[in-house]
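Database features, via TrEMBL:
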DOMAIN    B:93-282  domain 'ABC transmembrane type-1'
TRANSMEM  B:36-55  transmembrane segment
TRANSMEM  B:97-120  transmembrane segment
TRANSMEM  B:132-153  transmembrane segment
TRANSMEM  B:159-175  transmembrane segment
TRANSMEM  B:214-239  transmembrane segment
TRANSMEM  B:259-281  transmembrane segment
């Protein structure tokens, strides 16, 4: 394949981690054909971002990094070649889109200038913005990045990626590193479709780096599965999804939470005591930059959580679901309405999205758990045994009690946080996006852990997520939230089988699923 | 907020003071030199008071002919009164060194309490405490020293009080800024939702996060306080004459700087060296913890 747009041959990248060499890539070879969309799939730490950066000629890690092998884009050497050539290729042949458009756009540069930065004309910038689906581009070019929503920012950064220097020119390769991970489901769906259209209209190749096989399944021609710096498997999308060859791919496919997945085994929940009642909850926050004005984030929300049930609040960012959870936890006071927890139910405990920062960094897991046990009245001599028991309950080795949070992995931190919450023997666990920061395989494990705990200990779950697949796996009841209101509520089977509200339907349609490709 | 955010923030707010207040400008890479300095500082703290007691002559003891040049009998010579310069330098340095540490310790304690209360409180208490802090920051240091000495009489203790008065607000501002960042982190919410008392939340889940940057700044400050103390003593605001103090000794010696240079240069040189070493040691602490 001499006509490949980009070619990577036996690429080895070795970092120096405070003296110890660490190989991020261990001899990776990959060709990208013109007009091809290649999805590079892997979990965090698999080396996929390093690979993307090498294609862009951005050698990570400074002068101590050692690179062997070849990376060519349009025949130019992107790792060993002179900086001048690399710059020319970046300006004319490459486009880059990163995960967080808020940080990848220059906050001091207006949208128009941002898009034109590689030398395109004003008209070209306008066309690119229109093409990327930015509404009213004529006005938006004068906006600053912070004035745009996350989805619009990502569209602007894609517009910047497709406006190469020469007039009308479109780069031959776009490297998109987790371009939709920070976005809501419906926006993610639109951005993915935008990528597909760009390829169809301009014939540019796209390297889509993602952790989500579902996103890959939607547009990729070819899937490349990476782990631990090596390519485990690659092949046409349908083939990889239907007949995975490598054990790692099989594991990824099996562990992935999919909205097409099976419903959890029905659990018998006796319609019993309510453990949490939120009635007509209203919450105002002061509007940013406007003194005296209020912004209403919750418009009279009713939630009734019964003992032993698992209620999942599904909604996109900004719908007020986290605020509702904080009110339930007693961390915020509602502007109007009431939040009632009967004293018998115990204090609701929170599980956070970012598990690591939810653990006090300077205290060992043991002291964080013991502290809760002490507050719950467990006598000192019983605490070590109880700590070990709690850690066992969440699937952590008892030896980890001595560790501090930074010594644990993301998944272990979330397990420790769950153990800590259980130490207060709560009637309710309030979970705020508990798995959205975790890799797919870990996410499934933690969701199952929460489900097991509910079934075995009878603790009630109120879980907030943007991901319908997570909801399907764990919920007995689902409530769909948008704009500070609950628009639909019902048993999990009903929401998936016959969604009533148009918003619920949109969410279901936009959720990436392997079902369409794999079956 | 990302987990690393506090660490970055701490680097920004760690020292709001202008750079010129420090002897060593900029950030020096920590090498073996800094590590050695750290040990020297630790040794100085312990050994100076012992050394002061073991000196061949007392603080005001006249041991020989005035202006004896440095030599076998008196390693650093004698001064205009015939007192042993080495003994006086060591005794004076010991007092200044422990004085500097006392100033910093008191500043840290006062600043930590006020900063933490302000940082954890609502807008009203925070505003009152921080404007009070700003008022103290606006006081011109030397004038406060003059005022305190005028009111309480000239003594080493009163000079220390004067420096503490102008020094604590820096710590209060650092602590308050850090507390305001830390109190918003999820782990603090987690502690609050466990039903812990505010005191427990602050002392166990907020304040330890501040300690690191306070220790870093405090370690950088030892040299600066040492110089301020010597400076005040140099202009006559310190322990009254016969007492051995680095600043006043250097001041007195300058009259004879051409005929008997050792009288002025010995205290000045020792002060320079010690300030330099403690600044390097501060850098070592910053590199390790900051």
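Cβ coordinates come from backbone N, Cα and C, glycine included.
Only residues 6 or more beyond the boundaries of the transmembrane segment (B:214-239), in the same chain, are considered here, and those with a CB under 8 A from a CB of the stretch are 14-15, 21-23, 41, 95-97, 99-101, 103-104, 107-108, 111-112, 141-142, 145-146, 149, 154-156, 159-160, 162-163, 167, 170-171, 174-175, 245-248, 250-251, 271, 274-279, 281-283, 285-286, 289-290.
For the transmembrane segment (B:159-175), the most Cβ-contacting stretch among B:36-55, B:97-120, B:132-153, B:259-281 is B:97-120 (pairs under 8 Å). Note on the transmembrane segment (B:97-120): residues 44-45, 48-49, 126, 129-130, 132-133, 156, 159-160, 163-164, 167-180, 183, 198, 202, 206-207, 210, 214, 218, 221-222, 225-226, 229, 274 of its chain, located 6 or more positions outside it, place their CB under 8 angstroms from a CB of the stretch. Sequence-distant contacts of the transmembrane segment (B:259-281) (same chain, six or more residues past either end, CB-CB distance under 8 Å): 22-24, 28, 33-34, 37-38, 40-41, 44, 67, 69-70, 76-77, 79-80, 85-86, 88-89, 92-93, 96-97, 219-220, 222-224, 226-227, 230, 246-247, 249-250, 252-253. Long-range contacts of the transmembrane segment (B:36-55) within the same chain, counting only residues at least 6 positions beyond its ends with a Cβ under 8 Å from a Cβ of the stretch, are 84, 86-87, 90-91, 93-95, 97-98, 101, 222, 274, 277-278, 280-281, 284-285.
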